[in-house]
Amino acid sequence: MKERLIFALDVEDGATALAWVERLRAEVGLFKVGKQLFTSAGPELVRRIVLNGGQVFLDLKYHDIPNTVAKAAIEALRLGVSMLNVHALGGMTMMQTMSAQVRQIAAAEGRPCPLLLAVTILTSASQSDLQAVGIDRPVTEMVVRLAQLAQAAGLDGVVASAQEAPLIRQACGPDFVIVTPGVRPVASAVDDQQRIMTPAAALAAGADYLVVGRPIATASDPVQAARAIVTEMASSASA
Ligand SMILES: O=C(O)c1cc(=O)[nH]c(=O)n1[C@@H]1O[C@H](COP(=O)(O)O)[C@@H](O)[C@H]1O
């Protein structure tokens, strides 16, 4: 079950990140490198984690013109990451171009292709946040629509709140990968997340992978916190 838990390495420098990788490598399946750490420590850190046998989810949420996103994703492929993501709001052509080019280069260079994911609507966004940028449709409708768009574009799955996982599963089928951040064990702080779920509920809702950052990183015993989440995940799976 631990292979389905992704720890968010939301820290400020490479040395701190590598210390977390050592501390949690037996407890979680993947390490997520996002914008803060990548801006600070760059691709060299990603190479280093991969070289040390760690699996990396490169979370840079690309959203740009199709050519730029495709070329960036090809470089992510060459770093040896296991997952990468784009924003589904970047549109069909952006996702299609990225997916086709990454798969083509992976085949030509004999590299394993990472899981190609699209972020639907951020777990920090509420209905009123969407309205403020001119999206009047319900969050649930937007998430399903964007998940179907990502699937039609050839992506492997989405990043979404577990609250929308059942609808995505229904719309996109059993093989479509659902990665859910905004996971909060019962006693944890909500932080800036809006659409949250507990680890067990997220799996029961159909999530394949859970992304957890602060509930582990700020725990008094992070190893124990990660283990407790994996135990909760296992109990949900066997329920
Ligand atoms: O793509 C992501 O990983 C992501 C998408 C999303 O909708 N919400 C979301 O929280 N994330 C990321 O998941 C992590 C959640 O961290 P915590 O809130 O500390 O558990 C952060 O690194 C976010 O950048």
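Including glycine, each Cβ sits where the backbone N, Cα and C put it.
Noted in TrEMBL for the protein shown:
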type: ACT_SITE; residues: ASP59; note: active site, for OMPdecase activity
type: ACT_SITE; residues: LYS61; note: active site, proton donor
type: ACT_SITE; residues: LYS61; note: active site, for OMPdecase activity
type: ACT_SITE; residues: ASP64; note: active site, for OMPdecase activity
type: BINDING; residues: ASP10, LYS32, 59-68, THR123, ARG184, GLN193, 213-214; note: substrate binding site
type: DOMAIN; residues: 4-229; note: domain 'Orotidine 5'-phosphate decarboxylase'
Cβ contacts within 10 Å for HIS63 (substrate binding site), all chains included, total 16
Identify which of the recorded positions ASP10, ASP59, ASP64 has its Cβ surrounded by the largest number of other Cβ atoms within 10 Å, counting every protein chain shown. ASP59
Near the residue listed as 'active site, proton donor', how many other Cβ atoms are within 10 Å of its Cβ? 18
C-beta crowding around PRO66 (substrate binding site), within 10 angstroms: 18
What does DSSP assign THR123 (substrate binding site), in three states? coil
Mean per-residue pLDDT in the domain 'Orotidine 5'-phosphate decarboxylase' (4-229) works out to 97
Do any of the recorded positions ASP59, LEU60, HIS63, ASP64, GLY213 touch ligand 1, in the sense that the CB is under 6 Å from one of its atoms? ASP59, GLY213
Identify, in sequence order, the residues in the chain of LEU60 (substrate binding site) that are 6 or more apart from it along the sequence and have a CB within less than 8 Å of its CB; answer 'none' if there are none. GLY34, LYS35, PHE38, ALA72, ALA76, LEU84, ASN85
By Cα-Cα distance, the member of active-site residues ASP59, LYS61, ASP64 nearest ASP10 (substrate binding site): ASP59
Look up ASP59 (active site, for OMPdecase activity) in the DSSP assignment and report helix, strand or coil. strand
Which residue, out of the binding-site residues THR123, GLY213, shows the minimum number of other Cβ atoms inside 10 Å of its Cβ in this structure? GLY213
Of ASP59, LYS61, ASP64, which is closest to GLY213 (substrate binding site) if I measure between C-alpha atoms? They're all active-site residues. ASP59
How big is the gap, in Å, between the Cα of ASP59 (active site, for OMPdecase activity) and that of THR123 (substrate binding site), rounded to a whole number? 14
